Structure formats: C-alpha cells, structure tokens
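Feature annotation from Swiss-Prot assigns compositional bias 'Acidic residues' to 467-476. For C91-C102, C114-C125, C136-C151, C154-C178, C184-C197, C191-C206, C229-C243, C237-C253, C255-C266, C351-C371, C387-C407, C484-C504 (among others), the entry in Swiss-Prot reads disulfide bond. According to Swiss-Prot, the feature region 'Disordered' maps to 298-503. The repeat 'TSP type-3 1' annotation in Swiss-Prot covers 268-300. According to Swiss-Prot, the repeat 'TSP type-3 5' annotation covers 396-418.
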Amino acid sequence: MVPDTACVLLLTLAALGASGQGQSPLGSDLGPQMLRELQETNAALQDVRELLRQQVREITFLKNTVMECDACGMQQSVRTGLPSVRPLLHCAPGFCFPGVACIQTESGARCGPCPAGFTGNGSHCTDVNECNAHPCFPRVRCINTSPGFRCEACPPGYSGPTHQGVGLAFAKANKQVCTDINECETGQHNCVPNSVCINTRGSFQCGPCQPGFVGDQASGCQRRAQRFCPDGSPSECHEHADCVLERDGSRSCVCAVGWAGNGILCGRDTDLDGFPDEKLRCPERQCRKDNCVTVPNSGQEDVDRDGIGDACDPDADGDGVPNEKDNCPLVRNPDQRNTDEDKWGDACDNCRSQKNDDQKDTDQDGRGDACDDDIDGDRIRNQADNCPRVPNSDQKDSDGDGIGDACDNCPQKSNPDQADVDHDFVGDACDSDQDQDGDGHQDSRDNCPTVPNSAQEDSDHDGQGDACDDDDDNDGVPDSRDNCRLVPNPGQEDADRDGVGDVCQDDFDADKVVDKIDVCPENAEVTLTDFRAFQTVVLDPEGDAQIDPNWVVLNQGREIVQTMNSDPGLAVGYTAFNGVDFEGTFHVNTVTDDDYAGFIFGYQDSSSFYVVMWKQMEQTYWQANPFRAVAEPGIQLKAVKSSTGPGEQLRNALWHTGDTESQVRLLWKDPRNVGWKDKKSYRWFLQHRPQVGYIRVRFYEGPELVADSNVVLDTTMRGGRLGVFCFSQENIIWANLRYRCNDTIPEDYETHQLRQA
C-alpha cells in the first residue's frame with residue numbers, strides 16, 4: 001500500500017511542477033495550490049482507510065457467523081485432505097445484539113436471549129409488534145415502539161390510566177382498562193332538567209320526562225298539572241292512564257288506548273293487544289314485553305317458547321316445518337305423519353283414524369266427535385242418546401218427539417226435525433215471533449214480557465225476571481231497601497254500615513268472582529269475557545261460490561281469528577245483554593283482499609241484529625242478482641231487520657252502503673270514507689243502552705280517535721247477544737275482547753235529547 005501511495009504522490013508533484021510558471025527545484029516551497037491538492041488527497045486517503053476498516057469488520061462478522069453455524073471440531077482441509085481443527089469463536093464487540101450478553105463456553109462464544117420486546121437468536125434480534133395482541137381498549141389506537149408499545153388515551157365517555165409495556169407476554173396478560181363514565185351521575189350529560197338520563201357504554205341517552213312532569217327533550221319537562229280521580233282525590237296514575245272509580249269506592253288506573261301496563265306505568269302498545277312494546281318495570285303480566293309487537297295476540301301464546309308469539313312466528317311449533325305447510329302448526333311433528341289423510345297430522349288429530357277436519361270435541365275429552373261414541377260425555381252412547389251433543393243423563397223428553405228436553409227447541413211440542421230458520425234457538429214449530437217488548441224473547445218464553453230484559457236474569461229462580469220482580473232474591477225485603485238485592489239476607493246485616501250487606505260485600509251477585517274483576521257484577525251467570533262457546537250463523541247458505549267462515553278462538557275466549565275468504569257469516573256468543581259496553585282490537589293480518597269485517601251487537605236472530613262493518617275499498621258486489629249492491633269504503637253502523645233472513649237478499653243488502661227496504665237500515669257512516677289499512681290495529685268501543693235506544697261507537701288508530709258516531713238512537717233491537725262479522729275477507733283478528741254489563745245512561749244522552757228538542 002505504501003509504494004502505491006508514494007507513486008501517486010510523486011506523479012501529483014510532477015504534474016503540478018510541469019503546470020507551474022517556470023521550473024522550481026524539488027525541495028523548494030510548494031505553492032498554495034499544491035498544498036490544497038495535498039490536503040484533498042489526504043482526506044480521500046482517510047475515507048479509503050475507513051472503508052477498509054468497515055470491510056474488515058463485515059468479513060470478520062461473516063466468518064464468525066459461518067463458523068458459529070458449523071459444528072466445531074476437526075474439519076478436513078480442502079487443499080491437503082488432512083484433518084484440521086477450526087478455531088473456537090471468542091466474544092468480541094459486535095458479536096451479539098446490543099444489550100445481549102456474550103457468554104464464553106468451552107465450545108465457543110454464545111449470545112444470550114434477545115431483550116424484552118425483541119425476538120431472535122441473540123446475535124440478530126428484531127422488534128416484536130405487541131399491537132398484534134390487541135392490548136389496548138377497543139377503539140383506542142395502539143402504537144408499536146422499539147421495543148414495546150403504548151396505548152393512546154381512553155375514548156370519550158371512558159376513563160383510565162395510560163397504558164404501555166414491553167413484550168408479547170405482557171401485552172397478552174395486561175390489557176388497557178377503560179371504565180365507563182356514568183354521565184348521568186357525574187352530571188356530564190345535557191338532558192333537560194326533570195327528564196330521565198339513561199347511561200350507556202361510553203355515552204348516555206336522554207329519555208322521557210320523569211313521573212310528574214310532561215314535555216320532551218326539545219321543549220323541556222315541566223311539572224304536570226295535578227290530575228284527579230272521579231271522586232276528587234289526587235290521581236297517582238301514569239300520564240297516559242285514566243283513574244277509574246270501582247264499585248266498592250276503590251280507585252284503579254287503566255292505561256289509555258295505545259298504551260299498556262299496570263296503569264301506574266304505561267308503555268306504547270303498537271298493536272293494541274294490551275301488552276307494551278317494551279318491558280316495563282312492574283311485576284304484573286301486562287307489563288311484559290309483547291312477543292308480537294305488530295300483530296295483536298292478547299293471549300301471548302308461544303308454543304315453542306322461543307320468545308316469538310305464535311301469531312307472528314313463521315314456525316310456531318319449532319319443528320322446522322313452516323306454518324303454511326305444517327299439518328300440526330302448534331304441535332311439533334317434523335315427520336308430518338297423517339294416517340287418515342285429513343287436514344291434521346297424527347300428532348294433533350283427535351281422530352287419527354277417521355277424517356274430521358273440523359276437529360270438534362263437544363265434551364273436551366280429547367276424542368273428536370267423529371270418533372267418540374259418547375260425544376257429550378253423559379255416559380249414554382250416541383245411538384241411544386236423545387241429546388247426543390248436550391249432556392242429559394235423565395233423557396227427559398216431554399213431547400215424545402225423540403229429542404230430549406235439554407236440546408229440544410220446542411220441548412213442549414213435537415218437532416223431530418228441529419227446524420229453526422231464524423237461528424234463535426226456538427223451533428219453527430213453536431216460534432210465534434210475538435215479542436212485545438222487543439228484547440229478543442218471544443212473549444211465551446219471556447220472564448218479563450212487557451219489560452225489555454234480554455239477559456233474562458232471575459236471581460231467585462221464581463220464573464219472574466229481576467227486571468220485573470220487586471224482590472229479586474225473595475228474602476222478604478223489597479229491592480228498594482234491600483242492601484243485598486240479589487242475595488237472600490232477611491237480617492240485612494251490615495257490619496261496616498256502608499250500605500252494602502255483609503253477605504254480598506265485594507261480590508254483589510255472590511258468584512264467587514269479586515266485583516272488581518266481574519264483568520257483570522249483578523248477574524251471577526256472567527263473570528268473564530268468554531267466546532269459547534259460540535253459535536255460527538251463515539248469512540248466505542245457498543250456493544257454493546264461496547266457503548263458510550272458519551273461526552278459531554284463542555286466549556280463553558277473548559280472541560277470535562277468521563282464516564278464510566268466505567261467505568258472510570257471524571260468530572255469536574251465547575250470553576245475552578241488556579245494557580253493555582263492548583270493546584276489542586280489529587286487525588286484518590294480510591295484504592290480500594279489501595272486503596268487510598266488523599262486529600255485531602243486539603243479536604236476537606239471524607234476521608235481527610246490529611252490525612258495525614268496515615270496508616277497505618269501494619266495490620260493486622259481483623252478483624247483481626237480486627239487485628246491484630255497491631259497497632263504499634269506511635265504517636258503517638247498520639240495523640238489520642230482514643223479512644227474508646239469510647240468503648241473497650240479505651247478502652246484497654249487507655254489502656250495499658245504504659238502506660235496503662225490509663232488510664237493512666244504515667244508521668250512521670263515517671264521513672271520512674276511509675278504509676281500514678292492511679296489518680294495522682284499531683280499537684273500538686261500543687256503548688249500547690237498549691232501554692233508551694242509545695248507541696255510540698268509537699274507533700282508535702293507536703292513541704288517536706279516528707271515528708266517532710256520537711249519539712245514535714234506535715230501538716229496533718232492545719238488547720241481545722254479541723259477536724263478530726266477516727264478509728269475503730280472510731285473516732281477520734279480533735283481539736283483547738272485553739264486554740261489561742252496564743245499564744247506566746251516559747251523560748251525552750241527555751245532552752243529545754236537549755239538542756233534539
């Protein structure tokens with residue numbers, strides 16, 4: 001290296017000398033230019049020297065690495081073929097990764113483990129990305145460092161210390177902890193005063209006004225004006241509930257239409273079936289969340305207990321077979337076995353070996369009438385039973401017509417054919433149609449022939465109805481001063497001196513159902529709303545263009561469903577009423593068709609009843625014979641007094657919006673001419689006081705009143721039975737049905753009379 005450097009130096013000097021002005025001896029002073037050149041040359045030599053040193057270090061490192069990877073010991077020389085010994089490695093600077101200890105062993109130098117936060121063999125270590133272990137709180141950014149990691153601050157709505165660490169094990173075992181801040185407790189919310197603040201994870205929500213306040217988050221919550229019960233006492237009911245005064249003087253809270261709950265708490269009830277859309281913080285059954293929010297199902301039936309009500313569950317029994325294809329939609333039967341090939345699978349068929357699509361079971365013994373040798377369960381075989389469908393173990397038959405008195409519609413007059421053209425349970429052979437008080441009971445069978453009393457109450461069973469009996473309980477105390485008018489108590493004991501005798505305290509009719517829940521507290525024969533037993537009436541029995549209605553009763557008789565696109569028909573309960581309040585929820589659970597549905601009251605026979613019916617769209621009936629009938633959309637109240645009874649005349653008269661002579665009178669029509677909406681729930685309220693002819697019907701869509709007939713006066717029918725009506729419309733639901741005996745004349749009756757005068 002030295003000779004080469006000297007040559008470079010001499011050549012440089014020679015070149016400089018030749019280029020100068022004049023010749024200068026070699027030992028003379030060099031000019032400034034030569035000095036600069038020498039300095040630059042020297043700097044270049046220094047750079048070369050440093051590069052050489054770096055190369056030496058790299059070559060040494062490579063050599064050590066190769067030697068470290070090979071097995072130590074004797075190696076055969078490539079050149080001589082003789083065994084040779086490879087020299088042992090020794091610890092030296094740079095042999096191991098910075099911070100890693102070098103250990104000298106008998107077999108040579110070894111490096112310790114990589115530092116925390118790194119991975120490798122000690123000689124070479126690379127950084128570990130601890131962020132891959134997700135040590136930070138969700139939504140918090142993780143920053144990888146060399147070595148280690150750190151988490152950014154907890155997100156808004158949470159609090160917690162800073163978090164950082166080194167190593168994968170630490171990152172996995174130690175997660176960042178961020179605790180939710182309860183803004184409702186710390187005051188870090190912006191809800192208006194006197195409203196409900198609801199804490200959520202990482203945030204909060206502002207709810208409705210607190211009890212006792214009204215308004216919202218936009219307008220603020222102001223203290224609600226004091227509300228009072230009918231007796232003048234302060235009301236503790238929910239703002240969407242009414243305070244009701246009971247017979248015994250106690251107060252109850254009842255949620256308003258469109259709301260459900262226990263009255264102290266009420267929540268939205270979209271489908272108007274009596275159950276709130278969301279669970280309320282109260283223990284009563286009516287505080288539970290509705291398992292079908294948009295389809296009324298007042299019984300909340302849920303066969304497979306999956307939390308989805310049968311009314312809105314596409315596979316109600318959970319057997320994997322959709323309802324529309326399942327031959328037992330409410331009984332699990334994935335095999336769909338059906339021995340008798342009727343509509344019902346063996347799992348739910350009450351006559352497995354005999355077709356019986358109606359599944360009728362009169363005595364409710366689990367065996368269908370079609371295969372039951374004792375249909376009524378009175379221990380007399382059907383063939384020998386003179387009332388095979390009505391229990392009558394005595395088999396009494398007064399008129400000897402082969403029909404037992406228990407089921408004979410003319411028990412005192414022979415009529416083996418039992419013809420009853422007007423469906424009033426009085427056979428044609430003895431039906432006089434003479435009814436001077438118009439209550440639906442012919443004079444010969446009426447226990448008060450001149451006083452309307454469709455219910456025919458007779459508390460003392462003396463043959464004289466309570467309506468015309470001065471001593472209903474026959475205890476010797478006239479009704480006018482009897483403190484228990486319906487229960488014998490000649491001593492008139494009244495310990496608390498409240499005017500109600502001890503024997504009828506809290507249960508006026510002594511039917512063992514307390515007055516508070518008794519729908520007819522002055523009629524021991526009627527206690528709860530129940531349509532499980534009902535009469536079917538087909539209003540167009542001729543022809544086969546359409547089928548008869550198919551009625552399904554649910555919720556212990558408080559819900560009815562009609563499934564078929566059918567001829568006009570009725571499902572009528574057997575209980576007759578004088579004054580009555582009747583309410584229910586109406587819902588068409590399909591987008592198919594646009595025809596009539598409604599309810600009836602004052603039913604006396606198939607030619608005499610009131611009907612409230614609702615059509616969706618305007619339509620002319622497809623059969624123009626016997627006359628052209630045009631239905632308009634909207635709610636209609638009609639009085640039916642047909643001279644022909646069920647048949648084509650009555651059918652078309654019912655379809656037609658208007659009067660039809662000798663058939664139907666239109667008493668009121670909703671002037672809005674608005675039809676019902678598909679899959680929308682409506683709540684109706686009917687008041688009927690036949691003693692004065694008072695009728696009023698109201699309809700609600702949610703909490704909003706959408707139709708009101710106001711006072712309508714008509715005395716065509718002075719009492720009768722209740723039921724539901726359909727005409728060519730399928731999938732109708734009448735849910736949360738309630739009736740209540742009520743003879744009290746509403747205040748607006750007097751107001752109406754004054755206006756008329």
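Glycine residues also receive a Cβ, built from the backbone N, Cα and C atoms like all the rest.
Since we're looking at a predicted model, the values are computed, not measured.
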When distances run from the Cα of C504 (disulfide bond) to each of the disulfide-bonded residues C154, C197, C253, C351, the nearest one: C253
Non-local residues, at least 6 beyond the ends, that sit with Cβ under 8 Å of the repeat 'TSP type-3 1' (268-300): 255, 257-262, 307-312, 554-556, 558-559, 585, 587, 589, 679, 681-683, 700, 702, 733, 735-737
Outside the repeat 'TSP type-3 5' (396-418), six or more residues from its ends: residues with CB under 8 Å to it: 385-387, 389-390, 425-430
The repeat 'TSP type-3 5' (396-418): DSSP-derived helix, strand, coil residue counts: 0 helix, 0 strand, 23 coil
Distance, C184 (disulfide bond) to C191 (disulfide bond) (CA atoms, angstrom): 9
Pairwise Cα distance for C178 (disulfide bond)/C136 (disulfide bond) [Å, integer]: 9
Among C184, C371, C387, which are recorded as disulfide-bonded residues, the nearest neighbour of C102 (disulfide bond) by Cα: C184
C184 (disulfide bond) to C351 (disulfide bond) - Cα separation in whole Å: 63
Which disulfide-bonded residues sit within 10 Å of C197 (disulfide bond) - Cα, from C151, C206, C371: C206
Distance from C253 (disulfide bond) back to C243 (disulfide bond), taken between C-alpha atoms, in Å: 5
For C266 (disulfide bond), the one of C154, C351, C387, C407 that lies nearest, given that the disulfide-bonded residues are compared by Cα: C154
Least Cβ-crowded entry, counting other Cβ within 10 Å, from the disulfide-bonded residues listed as C125, C151, C197: C197
Tally of DSSP helical, extended and coil residues in the compositional bias 'Acidic residues' (467-476): 2 helix, 0 strand, 8 coil
Which of C91, C136, C154, C237, C407, the listed disulfide-bonded residues, has fewest other Cβ atoms within 10 Å: C91
C387 (disulfide bond) and C151 (disulfide bond), Cα-Cα, nearest whole angstrom: 86
Cα proximity to C255 (disulfide bond), best match among disulfide-bonded residues C114, C125, C407: C407
C266, C351, C387, C504 as disulfide-bonded residues, winner by CB count within 10 A: C266
